[in-house]
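Taking it in order: structure first as structure tokens, then the write-up.
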Amino acid sequence: MTDFGRVITAMITPFTADGAIAYDVAAKLAQHLVANGSDGIVVCGTTGESPTLTWEEEFQLFQTVQQAVAGKAKIIAGTGSNSTREAIDATAKAAELGLDGALLVVPYYNKPPQEGLYAHFQAIAKAVPDFPLMLYNIPGRTGQNLLPETVIRLAEYPNIVAIKEASGSLDQASTLRAALPPTFRIYAGDDSLTLPLLAVGGYGVVSVASHLVGLRIQEMIQAFVQGDTAKATAIHCQLLPLFKALFVTTNPIPIKAALSLQGWSVGEPRLPLTSASDAVISQLKAVLDDLGLLKS
């Protein structure tokens, strides 16, 4: 059974001042994440600015992070695309490179019907039958909701082992949990819904906030799993202002700004994303300071 772990960080992609990928910083950041609560890392997902990376950059980044982590965490490649052919090729490459799995976003912009979504993921699963795959449902970005009945059909493929459920619907996650075996893992796609999702049968989170508070998120999940719901709730409430602050504008703008405030040289997002505004930076400073996450 594939286990990607409870806390998976959707890692940012650091850039140099001239906009090239800072592979050395990526390696250091990956090591830092694994030492601070991350069981797995998604490389080149939404938070990693995959739409503005070339496939060549992505493949090099996969290898950089894989080598840096050296088996201490699961490395999951963001290989989704709104072109089925491209998604198959990229996922096959990730498998060839020896990564631990792939995160496959629902095809965006072209808005396939449910049967098209089924055929898309089916084709990828058949192309890499021994490679673990995590579906990624985020209708707010893709324009299309991967419905539970489609996920249930796809889960019949043994290498489709999990879903990052970022629809924001606990009812949708509950429907999946009721219909699928516990070996099919449901991950929160929003930090603020990690604890609520656990309550309806979720397994963990693909997190942005874990760049900053991975150990606390891990502690929250473990408290819930061990039956200490009061402790889990207390941690959730303590971290909620951070969870919300990291999404006051488009991800990954706030998390990159927060990491910069902590001293990481992660650079600015690539266009069409922009730098954090003064107002966003001010809000982040206040929240980070309240949680003791800024160096004095």
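A Cβ is built for glycine as well, from the same backbone N, Cα and C atoms used for every other residue.
Pulled from Swiss-Prot, these are the features on record:
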SITE      T46  site 'Part of a proton relay during catalysis'
BINDING   T47, V206  pyruvate binding site
SITE      Y109  site 'Part of a proton relay during catalysis'
ACT_SITE  Y136  active site, proton donor/acceptor
ACT_SITE  K164  active site, schiff-base intermediate with substrate
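Neighbours of Y136 (active site, proton donor/acceptor), defined as other CB atoms within 10 A of its CB across all chains, total 27.
The two recorded residues, V206 (pyruvate binding site) and Y136 (active site, proton donor/acceptor), have Cα atoms 10 Å apart.
Within 10 Å of the residue listed as 'active site, schiff-base intermediate with substrate', judged by CA to CA distance, lie the following recorded positions from the set T46, T47, Y109, Y136: Y136. Comparing Cβ neighbour counts within 10 Å across the recorded positions T47, Y109, K164, V206, the minimum falls on Y109. Counting in whole angstrom, Y109 (site 'Part of a proton relay during catalysis') lies 15 from the residue listed as 'active site, proton donor/acceptor' by their C-alpha atoms. The Cβ of T46 (site 'Part of a proton relay during catalysis') lies under 8 Å from the Cβ of A10, G78, V105, I138, R141, N251, P252, each of which sits 6+ residues away along the same chain. Looking at T47 (pyruvate binding site) and Y136 (active site, proton donor/acceptor), their Cα atoms lie 13 Å from each other.
Look at Y136 (active site, proton donor/acceptor): DSSP puts it in a strand.
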